[in-house]
Amino acid sequence: MREAVPAPPECERVCVFGTGDLGRSLGLRLLQAGYGVVFGSRRPHSSSLIPHGAQVQGHAAAAQSAHLICIAVQREHYDFLVPLANQLKGKVLVDVSNNLRKNQYPESNGEYLQSLVPGAEVVKGFNTLSAWSLQNGPSDANRQVYICGDSVEAKQVVMAVATKLGLSALDRGSLSVARELEDFPLQLFPQWRLPLRIAIGLSAAFFFYLLIRDIIYAYATQGKDISFRIMVSLANKVCPIVSLIMLSLCYLPGVLASFLQLYRGTKYRRFPDWLDRWMLCRKQLGLLSLGFAFLHVLYTLILPIRYYLMFWVTEHTVSLIRENRTTMFDTTTAWRGDSYLSLGILGFGLYVLLGITSLPSVSNVLSWREFSFIQSKLGHLTLLLCTAHTYLYGWNRFLSSSIYKWYTPPGYMLCLVLPSVVLLLKLLLITPCVDRTITRIHQGWERGGGRSEEP
Ligand code: NAP
């Protein structure tokens, strides 16, 4: 047996079964937090890399020296606990295990452990932390841990340890929730999936649409090869289009939810599942749309250094000199150009503000009123500015028949449909009579009587 330092007081001792990656990292953090740590191992004499200050014993002896035992062993080996049932009676067992895939076993690991050792109190927890993060100390991102179990007292013991380790434990309920907790580490960006699919789908659809309208059309009708435009011109058209549509998709569910509440005359009925899911991924939709807007800005900034543009400007200037011609300065065009650029810059500035305030570290220091003012009021203003920016881009070309190549409208015209609809619906919602009803519904009023009396 290995004894490096005198054993700490009994009540402050925690036992860890398993001297693998997680067991050792957890043991180290427990030691750093002031606990005495006793490892239970199959080979107590040959265990290496044990954190300095911990003891290593056989499972039975280790179990007797602590009330709380963390089982840092793979679930497949849990049957070694059955012969220890007597020593584990009345102890709190923390099941930290995870699986390789969802529904790998008929029951959750936590429930399986409880069935093997019915005399102990099993608490599921810490499984969302990795050995690496435990060793490196909790950062903001992985401070949160979830626990569940059938015994309130056992959960309190585990929560107290978690707090002392600098973690923030959230009680998710009874042990039947264990499967849900075991699925957490298997999730791969669950809330990003739908927004990413939308972004990829829209980018691909508009890319091919513009490829046909701009590049293939020029080749088919005039024999001109302008395929080089794919890299910058086409990309710089796809990015703002996708960005504006995604920003509208970020604000459309909120508007639809308000109309649904108006129609139902109450806020106490659940939204349909599709609307719920849509609302839950608004942040991701907004961040992706900011990403596309950012790419649009970068593409626009490099325009002056493009060979194509420099060649065209030189050619044009030379031809003016050669033909001894001058062009008149058009104030209207200057106004339009400056307004278009200015609205774009203002819109992008607000876009960035929305992105920054969606970061947890920033939103945590804002009051709910401040957060909703920025995300809702300034968010709709951003949509308005970006939509106006796109309308100015189209300017008077909307009525010119030459832009409808092969009878198809340009991409910027198509992308204006959704933001215009969202802004119109929002305008309806903020008209005084509708706004008053919506505010009353949000305060709990129900049409036809209900929770509160109609004023
Ligand atoms: P590991 O490195 O393979 O260690 C597992 C330990 O279990 C071994 O070192 C061994 O310790 C013990 N063990 C192995 N076979 C055994 C058997 N037949 N009977 C009794 N004990 C046996 O695994 P790990 O990465 O530490 O993971 C341990 C548990 O934590 C797993 O359930 C895993 O899902 C969970 N987890 C791991 C991480 C992580 O980042 N690694 C994160 C979250 C959750 P002794 O030689 O001392 O007996």
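Just so you know, glycine gets a Cβ as well, placed from its N, Cα and C.
Those TrEMBL annotations? Automatic predictions, nothing curated.
Annotated domain 'Pyrroline-5-carboxylate reductase catalytic N-terminal' per TrEMBL: 13-99, in sequence order.
The domain 'Ferric oxidoreductase' annotation in TrEMBL covers 241-385.
Residues or ranges marked as transmembrane segment in TrEMBL: 198-220 (among others).
Annotation comment: TrEMBL describes 240-263 (among others) as transmembrane segment.
Residues or ranges marked as transmembrane segment by TrEMBL: 284-309 (among others).
Annotated transmembrane segment per TrEMBL: 340-366 (among others), in sequence order.
Per TrEMBL, transmembrane segment is recorded for 411-430 (among others). Proximity of distant same-chain residues to the transmembrane segment (411-430), defined by a Cβ-Cβ separation under 8 Å and at least 6 residues beyond the stretch ends, is recorded for 206, 209-210, 213, 237-238, 240-241, 244-245, 247-249, 251-252, 255, 258-259, 380, 383-384, 386-387, 390-391, 393-394, 398, 438.
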Segment-level pLDDT (mean, integer) for the domain 'Ferric oxidoreductase' (241-385): 94
Other parts of the chain folded back onto the transmembrane segment (240-263), taken as Cβ under 8 Å at six or more residues beyond its ends: 195, 198-199, 202-203, 206, 271, 275, 278-279, 282, 285-286, 288-293, 296, 351, 376, 379-380, 382-383, 386-387, 390, 411-412, 414-416, 418-419, 421-422, 425-426, 429, 434, 437-438, 441-442
